[in-house]
Amino acid sequence: MAKVGFILVVYVVAVVLLSTAVHGQGTRLGFYRATCPQVESIVRSTVQSHFRMDPSIAPGLLRMHSHDCFVRGCDASVLLAGPNSERTAVPNRTLKGFEVIDDAKSQLEDVCPGVVSCADILALAARDSVVLTGGRSWEVPTGRRDGRVSLVSEVKLPGFSDSIEVQKEKFRSMGLNTHDLVTLAGAHTIGTASCRFFSYRLYNFTTVTETGADPTLNPSLVERLREVCPADGDGSSRVELDFDSSENFDLSFYKNLRLGGGILESDQMLWNDASTRPIIQHYLSLRGLVGRSSFRVEFGRSMVKMSNAQVKTGLLGEIRRVCSKVNN
């Protein structure tokens with residue numbers, strides 16, 4: 001009986017080891033310490049260089065990383081170009097920052113060819129973008145591998161008019177909870193949105209208000225938004241999601257929600273819903289630097305959770321030589 005038990009244990013261990021080899025061991029801190037120790041400094045300096053020329057690169061890279069993670073995990077599939085790729089989906093047509101990732105990748109290929117994944121570059125660039133706008137840094141586990149599939153039909157991102165329950169479900173599918181949902185929405189403190197994603201709230205939204213605008217939208221903001229997004233416009237103009245402090249990674253976005261200043265309907269719902277409002281209230285109840293620090297720390301933690309969701313490691317995927325196309 002003891003011998004049988006020993007054999008069973010050996011078999012179980014062998015199966016676990018085989019499974020680990022096939023599915024990967026996950027990301028870890030210092031993954032490139034021996035193979036490409038310059039990776040973080042190269043990505044950081046590249047993001048800084050592009051940011052100096054165009055500060056909108058920061059929210060662009062942060063948004064791109066999020067859009068990547070919500071489809072097949074954080075595998076840089078959003079970077080792949082092609083007629084039916086994720087990049088062609090409506091929410092992704094306004095993504096920016098591809099040239100930053102390409103620049104960093106090119107430099108890394110010169111220094112340590114075939115080692116650093118595009119997915120890891122994007123995860124690091126998102127972190128560095130937050131830091132450049134006043135956010136707090138966090139350690140990014142690395143070791144992701146790049147996916148080989150990118151399909152427009154699979155792009156089902158959290159939407160600008162999604163109900164709270166739909167938002168929660170989309171986050172749950174990524175292993176993220178309600179706290180992560182509210183915290184990661186704070187990225188909009190440095191973001192912008194095209195008029196096409198919210199102008200429906202400005203005209204003929206309801207008969208309840210004299211203006212016809214969404215009654216949850218602060219009336220003082222309606223006219224301000226209508227100037228940028230006229231009813232007969234093409235919807236391409238962009239508006240800052242945090243109209244008080246769009247260049248700083250701070251709590252202003254949440255303060256705006258409290259006053260009915262959520263530009264996107266899905267953002268405003270976070271304040272209006274009883275299950276998500278307390279999380280915002282918690283951040284706002286902590287005075288001054290304490291509240292800002294709490295949000296910044298929690299944001300980093302939620303970013304790590306998101307960037308580790310459904311990642312490809314080990315023998316899965318590949319290390320692309322060029323981020324916009326799979327290896328031959």
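Quick reminder: no glycine exception, Cβ is built from N, Cα and C everywhere.
Caution: TrEMBL annotation is automatic and unverified by curators.
Look at TrEMBL and you will find 1-24 tagged as signal peptide.
Feature annotation from TrEMBL assigns domain 'Plant heme peroxidase family profile' to 26-327.
Sequence annotations record features per position, and here TrEMBL assigns disulfide bond to C36-C112 (among others). Just so you know, the Cβ of C112 (disulfide bond) picks up 16 other Cβ atoms within 10 Å once every protein chain is counted.
Annotation source TrEMBL lists active site, proton acceptor at H67. With a cut-off of 8 Å between CB atoms and residues at least 6 apart in sequence, the same chain places V78, E86, P91, N92, L95, V155, L157 near H67 (active site, proton acceptor), listed in sequence order.
V71 (Ca(2+) 1 binding site) is surrounded by 23 other CB atoms, counting those within 10 A of its CB over all protein chains shown. Per TrEMBL, the feature Ca(2+) 1 binding site maps to D68, V71, G73, D75, S77, E86.
Over all protein chains present, the Cβ of C74 (disulfide bond) has 30 other Cβ atoms lying within 10 Å. The disulfide bond annotation in TrEMBL covers C69-C74 (among others).
Annotated disulfide bond per TrEMBL: C118-C323 (among others), in sequence order. There are 30 other Cβ atoms within 10 Å of the Cβ belonging to C118 (disulfide bond).
Per TrEMBL, the feature substrate binding site maps to P158.
For H188 (heme b binding site), the same-chain residues lying six or more positions away in sequence with a CB closer than 8 A to its CB are L241, D242, F253, L264, D267. Annotated heme b binding site per TrEMBL: H188, in sequence order.
When Cβ atoms from all protein chains are considered, those within 10 Å of T189 (Ca(2+) 2 binding site) total 29, not counting its own. Positions annotated as Ca(2+) 2 binding site by TrEMBL: T189, D242, D250.
Residues annotated as disulfide bond in TrEMBL: C195-C229 (among others). Around the Cβ of C229 (disulfide bond), a 10 Å sphere holds 24 further Cβ atoms from the protein chains shown.
Ranking the recorded positions C74, S77, P158, T189 by Cα distance from C36 (disulfide bond) puts C74 first. Annotation for the binding-site residues D68, D75, E86, D242, D250: lowest Cβ count within 10 Å of the residue's own Cβ, D250. Predicted-model confidence for the domain 'Plant heme peroxidase family profile' (26-327) is 94, expressed as mean pLDDT. For C229 (disulfide bond), the spatially nearest entry among the binding-site residues G73, S77, T189, D250 is T189, judged by CA separation.
Checked against D75 (Ca(2+) 1 binding site) by C-alpha proximity, the recorded positions P158, T189, D250, C323 yield C323 as the nearest. Of the listed disulfide-bonded residues, namely C69, C195, the sparsest CB environment within 10 A is found at C195.
Across the structure, C74 (disulfide bond) and D68 (Ca(2+) 1 binding site) are spaced 6 Å apart at their Cα atoms.
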